[in-house]
Amino acid sequence: MQDTITSLINPADQRGKYLETEELEKLRRYFQSGELRVKAASAISNNAANIIREAVANSLLYGDITCPGGNMYPTRRYAACIRDLTLFLRYATYAMLAADPSILDERVLDGLKETYDSLGVPIQPTIQAIQAMKEVTTRLVGAEAGGEIGMYFDHICNGLS
Ligand SMILES: CCC1=C(C)/C(=C/C2=NC(=C\c3[nH]c(/C=C4\NC(=O)[C@H](C)[C@H]4CC)c(C)c3CCC(=O)O)/C(CCC(=O)O)=C2C)NC1=O
C-alpha cells in the first residue's frame, strides 16, 4: 500500500532528486486536507452501519434482487452483499486517509470482478449500491470531504466495470 507521501518520495529517491515544485504542491494539498480527511474518517466509522443501511434502502431494496431468483436471496447471500459493502466503505475510508487508491487495487479489486462473474454477482446493482453509499456519505461528511472519499468509491466502480 502507498500513500501520497510514499508515492511522491519513492520515485524521487529513485531519480536521486529532491521533489519538484509540482510534487511539493501535491504534498501541500495532502497536508492541508489532512484534518478534513481525519474528521470525515471519524464520522464514517461512527456511522458505518447507518450509511450502509440507508444506501441499501436507496439502491437495492424493493427490487427483484432480494426476491427468490435474485442474487441477494436468500439471507446468506443478502448478508454476503452487506458484508461486501461494509468492506468497500472501510477500504474507501483507508484510501481517503492515504489519499491514494493503491490499497483498493491491492486488497479489494484484485480478482474481484472475476469472483463476481463466476458467482453471478451482478455488477450494475453493485455499482448502484456503491454510488448510493457515496451520496449518503457525502451528506454525512459534507461536500468537500465527500469529494475526497467520492473518488475512491468511483475507483471501486471503475475497477468493477
Ligand atoms: C477485502 C476484499 C474482499 C472483497 C471485496 C470480497 C468480496 C466477495 N464477495 C463474495 C460474494 C458475494 N458478494 C455478493 C454481493 C452482492 N450480490 C448482489 O446481488 C448485490 C448487488 C451485491 C452487494 C452489493 C453476494 C450475494 C455474494 C455471495 C454469492 C454466492 O455465494 O452465491 C465473495 C465470495 C466468497 C464469499 O461469499 O465470501 C467475495 C470474495 N471478499 C474480500 O475479502
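All residue numbers here begin at 1 and follow the chain in the order shown.
From the backbone N, Cα and C atoms, a Cβ is placed for every residue, glycine too.
In sequence order, Ile65, Arg77, Cys81, Gly120, Val121, Pro122, Pro125 are the residues of the chain that are 6 or more apart from Asn71 (N4-methylasparagine) and have a CB within less than 8 Å of its CB. The N4-methylasparagine annotation in TrEMBL covers Asn71.
Under the heading (2R,3E)-phycocyanobilin binding site, TrEMBL lists Asn71, Arg76, Cys81. If you take the C-beta of Arg76 ((2R,3E)-phycocyanobilin binding site) and look for same-chain residues 6 or more apart in sequence within under 8 angstroms, you find none.
Here the Cβ of Cys81 ((2R,3E)-phycocyanobilin binding site) has 20 other Cβ atoms within 10 Å, regardless of which shown protein chain they belong to.
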